[in-house]
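Everything on this sheet refers to the single structure shown next.
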Amino acid sequence: MPSDSCLLSLTVLQRLRAICPPLSTFYLFFVIFVVSTIFHCHRRLGLVPAPWASPSLVVFPPRHMPREGMFTIRVKGRLGNQMGEYATLFALARMNGRLAFIPASMHSTLAPIFRISLPVLHSDTAKRIPWQNYHLNDWMEERYRHIPGHYVRFTGYPCSWTFYHHLRPEILKEFTLHDHVREEAQAFLRGLQVNGSQPSTFVGVHVRRGDYVRVMPKVWKGVVADRGYLEKALDRFRARYSSPVFVVTSDDMAWCRKSITASRGDVAFAGNGLQGSPAKDIALLMQCNHTVITLGTFGIWAAYLTGGDTVYLANFTQPNSPFHTVFKPEAAYLPEWVGIAADLGQPNTVGSGHASARAPKRHWGALL
């Protein structure tokens, strides 16, 4: 016969079973909690599916937009343009006390190459925001220090050091190459020799041609870099440094091989000469000590990030060129850079060609 203590224990157990839910109920509540948490997190944060994507795609619920406002920028152009747009957004947001967010397409272009840090704005969120479009010229103006509006989207092709040079250390950090990109470029440079010896001075050379060959003479009344300019630029470095090697990148490598004298053994033609490999080209240029550039924002950025001495093509348009309304040389090239004047009389250039004379709808930056 059970003792009184056993009977008491059985009675307590029966009462607990009566008032406590079964274990399966606890499992059900736990599953609901986990699913709910995942659902709400998924709505707020969508991670970019890439190994370089440290920022998240930011999704703000409609009633939780940043009260201090936010800046973004409309993406236009290729790599050089987007680097200029990113740096300008970075600087103007800091200057105006706003949060800065980049479009997902800009992240897809820059993040595989550089260690950028600005967060990405989800496209679904961007569509719900009442943006105020704000056009930027390609140079800093005083009014840009006090930009009105809470939700501002910049337009234009800004790529001028006048926007962001006061933040140069931070800009250099934003455009730090990923290790694997940098190491691939360095491996190429280590394999170069000048007359059988390892060079100590590397000069990156970027030759921009492409559609500029026809657009410059017909639309902008200007020229592209010719053989004479490149000879002068390279000779300047040969006179200043002992046994330099020139690392040539271009979107028209066939023209470079015909036009740049390589008989001295100090010229290396790098890359495949296609516009589809900008990451490799800019990485090579950035690992050099000095830079020679022709036209385009790509070359300007390569020189800016490299440091060292820079030689650029100057005075490449006629005095009455409409190019002067959208481009200021003093805002594009750092004061310490050295310009070599273009030959405006080179044959089959100014006023020739087969392109339509009608001015394009795009800003010149779209061609760079």
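Including glycine, each Cβ sits where the backbone N, Cα and C put it.
Not measured: the values here are computed from a predicted model.
Features as listed in Swiss-Prot:
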CARBOHYD  Asn195  N-linked glycosylation site
CARBOHYD  Asn289  N-linked glycosylation site
CARBOHYD  Asn315  N-linked glycosylation site
TOPO_DOM  1-20  topological domain 'Cytoplasmic'
TOPO_DOM  42-368  topological domain 'Lumenal'
TRANSMEM  21-41  transmembrane segment
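Projection of Swiss-Prot feature records onto the structure.
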| residue | record | Cβ contacts under 8 Å, 6 or more apart |
| --- | --- | --- |
| Asn195 | N-linked glycosylation site | Ser243, Gly265, Asp266 |
| Asn289 | N-linked glycosylation site | Thr201, Phe202, Val203, Thr306, Gly308 |
| Asn315 | N-linked glycosylation site | Gly339, Ala341, Ala342, Leu344 |
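Within the model, the topological domain 'Cytoplasmic' (1-20) shows a mean pLDDT value of 49, rounded to a whole number. Mapped onto three states, the DSSP output places Asn315 (N-linked glycosylation site) in coil.
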